[in-house]
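What TrEMBL says about this one:
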- 110-203: domain 'Peptidase M24' (DOMAIN)
- HIS176, HIS298: substrate binding site (BINDING)
- ASP193, ASP228, GLU354: divalent metal cation 1 binding site (BINDING)
- 222-361: domain 'Peptidase M24' (DOMAIN)
- ASP228, HIS291, GLU323, GLU354: divalent metal cation 2 binding site (BINDING)
Amino acid sequence: MATSSSPRLLSSFLGDRLLSASARPLLRGAAPGSRRAAYQATRTLCNLVDILFNRGQSDKPEDNPRRLRPGKVSPLLRVPKHIQRPPYVNARQRPGLHNGPEIHDERGIECMRASGKLAAQVLKFAGTLVEPGITTDEIDKAVHQMIVDNGAYPSPLGYCGFPKSVCTSVNECICHGIPDSRPLEDGDIINIDVTVYLNRVFLCISSLYLHKCQSMTMVAGQLGYHGDTSATFLCGNVDDKAKKLVQVTRECLDKAISICAPGVEIKRIGRTIQDHADKFKFGVVRQFVGHGVGQVFHAEPVVLHFRNNEWGRMTLNQTFTIEPMLTVGSVNPVIWSDDWTAVTEDGSLSAQFEHTILITEDGAEILTQC
């Protein structure tokens with residue numbers, strides 16, 4: 001349900017830049033010619049952090065029994081003490097979009113490959129769990145256990161207060177769905193968004209000196225790396241419209257990755273995605289974006305998935321996510337009273353796919369695939 005706190009949150013995050021969801025001036029708070037000011041104008045778009053749009057709708061699905069309803073959210077899951085936490089866990093200050101891109105040396109690239117591979121393996125496992133009757137909470141618990149068993153931390157857990165280890169977005173949920181007691185139904189589609197924080201150096205040290213894990217965490221410092229990926233899965237017998245939406249969304253991601261290379265304008269990603277979505281008359285969500293990722297969860301650049309005129313080019317050894325969200329109907333999001341769950345305004349289906357990529361001399365390497 002929309003609450004009275006929502007407008008306050010909107011104001012605190014977006015201030016004077018809060019305009020119509022369809023208006024480009026969300027990105028235009030900068031003085032002409034000022035790159036730093038331009039960054040400040042786009043900072044609030046970071047996925048999982050800053051967009052809390054609410055168009056006065058309710059999360060009560062009175063007219064459609066298939067519309068999502070909030071379920072019961074179980075208590076927080078524990079992470080073993082020897083696993084290194086990202087800096088934002090238990091931090092008093094709300095994390096924001098990190099200034100500057102994530103560009104890596106050889107060691108950093110290998111660490112990104114390791115975290116990306118683990119994220120991909122976890123996502124593949126999560127997909128095998130999708131079937132009618134399983135709850136998203138059960139998926140979260142299984143994903144959580146696999147991540148910690150591999151010595152990693154589930155990045156969403158505790159990020160700005162997010163209460164779970166994975167995002168599960170069903171049917172009209174665009175993104176940031178909180179796992180709960182709702183069982184999946186035959187014909188559902190579900191996006192599972194997995195991010196892991198893996199510190200290979202600390203993992204090796206802590207396995208040898210588990211009793212010294214607290215001091216080892218201090219030595220290892222900011223050596224963890226995030227691998228971020230998601231996919232939309234079919235649950236049971238899904239109708240052709242939903243299958244087509246999922247297929248085209250995956251194609252949008254693949255086509256966007258195919259044009260990436262050093263020196264390429266980042267805005268080409270949005271044009272490529274929108275061009276393909278338009279062919280099938282699917283909408284492209286504007287309020288949630290891709291982002292730099294590496295030692296921090298969310299960094300520059302902001303990667304828009306729709307046609308835009310933003311500046312910026314891809315750099316060798318840079319890592320970022322591309323994560324288009326397509327809809328059958330309205331692209332306008334409504335945020336539930338949990339301040340996370342984003343659903344389409346009209347209840348129409350939404351699908352998303354995401355990869356973390358590395359810009360290489362030859363193009364782009366997908367880090368989050370098995």
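Backbone N, Cα and C define each Cβ position, glycine as well.
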- Could you tell me the mean pLDDT over the domain 'Peptidase M24' (222-361), as a whole number? 97
- Message: For the C-alpha pair, I'd like the distance in angstrom between HIS176 (substrate binding site) and GLU323 (divalent metal cation 2 binding site), rounded off.
- Response: 13
- Query: How many other Cβ atoms sit within 10 Å of the Cβ of HIS176 (substrate binding site)?
  - Reply: 25
- Item | Residues flanking the divalent metal cation 1 site, with Cβ no more than 8 Å from the Cβ centroid of ASP193, ASP228, GLU354 and excluding those residues themselves | ALA119, CYS167, VAL194, THR195, THR229, SER230, THR321, GLU323, HIS355, THR356, THR368
- Name the one residue among ASP193, ASP228, HIS298, GLU354 whose Cα is closest in three-dimensional space to that of GLU323 (divalent metal cation 2 binding site); these are the binding-site residues. GLU354
- Quick one: pull the CA-CA distance for ASP193 (divalent metal cation 1 binding site) versus HIS298 (substrate binding site), whole Å only. 15
- Message: Can you tell me the CA-to-CA distance separating GLU354 (divalent metal cation 1 binding site) and HIS291 (divalent metal cation 2 binding site), as a whole number of Å?
- Response: 11
- Across all protein chains shown, the binding-site residues ASP193, ASP228, GLU323, GLU354 give the max Cβ-within-10 Å count at ASP228
- Whole-number Å value for how far HIS298 (substrate binding site) lies from HIS291 (divalent metal cation 2 binding site) (Cα to Cα): 6
- Message: Just to verify a number: CA distance, HIS298 (substrate binding site) to ASP228 (divalent metal cation 1 binding site), in angstrom, no decimals.
- Response: 10
- Message: What's the number of neighbouring CB atoms sitting within 10 A of the CB on HIS291 (divalent metal cation 2 binding site)?
- Response: 26
